[in-house]
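Chemist: Here's the feature list from Swiss-Prot:
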ACT_SITE  Cys84  active site, proton donor
ACT_SITE  Cys222  active site, proton acceptor
BINDING   Asn11, Asn75, Gly85, Asn86, Asn160, Asn195, Glu213, Arg214, Gly223, Thr224  substrate binding site
Amino acid sequence: MKFAKGHGTENDFVIVEGTGPLPPEKVVALCDRRAGIGADGVLRIIRAGELLASGEIDELAPGINADDWFMDYRNADGSVAEMCGNGTRVFAHWVRSRGLLEEDTFTVGTRAGAKQVTVHSFSETEAEVSVEMGPAQVLGVSTASMAGESFAGLGVDMGNPHLAAVIPGLTAEDLAAKRLEQPVFDADFFPAGVNVELVTPLCDGVIHMRVFERGSGETRSCGTGTVAAACAALADASQVTGHVRVIVPGGEVEVEITEDGSTLTGPSRIVATGETSL
């Protein structure tokens, strides 16, 4: 099987094309960092109509046409994920740089709906991409605990569930020293599980964030999580809209929160291509 390896702010992915089956055990094998290629997840590039015909999705969401490219995203544990912001940037970079599309602005199908992307610049190995992420839907306040520490956060639906906890007085140095592990959360509030972000308060338009992702563990970045974190940080600062620079262990991205939507802008890198027997 041919594959590529890419990342968006070091949230890394194995990229595969084609309509062949992608069972959970294959995803786990590909993402294994010792016995496989190693990644936080798998980006499967497939036409939306082909995914529908295979029965892997029940219908095409509004705005997704049968001939649109669909990001079939899988977590490292083999589970299906609704959306991945960093993955969408890498996905868009791949289809644009490999000539699968000739336009710089196009629709990417996801299980969280149609996402408009703009590839601002690209080469075979590097790109800068914006993704229209849709509205950050605030679910309310919930709590969780991690490594013996309890905290309250803002529940945010970005097509996938997030609990973004802005911790008063938390510095970037304090955040870097924290131990992240499987969180204990309110399963009634988050019945499908949750991605948990720990966030520093907004300062001069900048926040720092770390994330423990559902199905992947701690990752170097999470695109949907940066939008959820920006939303929570703005709310903590008594703001509804704004532009936030989000610094994660793997780099930084720009998030714009408006009254009716959100935009995520950041880099994509393709670092390898090859073939695997997995």
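Easy rule for this one: first residue shown is 1, then count along the chain.
Glycine residues also receive a Cβ, built from the backbone N, Cα and C atoms like all the rest.
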Chemist: Cβ neighbours within 10 Å, counted over all protein chains: which one of the active-site residues Cys84, Cys222 has the most?
Modeler: Cys222
Chemist: Per residue, counting other C-beta atoms within 10 angstroms of the C-beta, which of the binding-site residues Asn11, Asn160 reaches the highest number?
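Modeler: Within the set of binding-site residues, the most crowded position is Asn11.
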Chemist: In terms of DSSP three-state secondary structure, what is the assignment for the residue listed as 'active site, proton donor'?
Modeler: coil
Chemist: Other than Asn11, Asn75, Gly85, Asn86, Asn160, Asn195, Glu213, Arg214, Gly223, Thr224 themselves, what residues in this chain have Cβ atoms within 8 Å of the centroid of the substrate site's Cβ atoms?
Modeler: Ala81, Met83, Cys84, Gly87, Val211, Ser216, Thr219, Cys222, Gly225
Chemist: Around Gly223 (substrate binding site), which residues of its chain at least 6 apart sit with Cβ under 8 Å of its Cβ?
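Modeler: Long-range Cβ contacts: Gly8, Asn11, Cys84, Gly85, Asn86, Gly87, Thr88, Arg89, Val131, Met133, Val253, Leu264, Gly266.
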Chemist: Considering all pairs of residues in Asn11, Asn75, Gly85, Asn86, Asn160, Asn195, Glu213, Arg214, Gly223, Thr224, annotated in the record as contacting substrate, what is the maximal C-alpha distance expressed in whole angstrom?
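Modeler: Value for the max Cα separation, rounded to a whole number: 16 Å.
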Chemist: I'd like the number of other C-beta atoms within 10 A of the C-beta of Gly85 (substrate binding site), please.
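Modeler: Other Cβ atoms within 10 Å of Gly85 (substrate binding site): 29.
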Chemist: Taking only same-chain residues 6+ apart in sequence, whose CB is under 8 Å from that of Glu213 (substrate binding site), what do you get?
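Modeler: Within the chain, Glu213 (substrate binding site) has Cβ neighbours under 8 Å at Asp40, Asn75, Asn195, Thr219, Cys222, Gly225.
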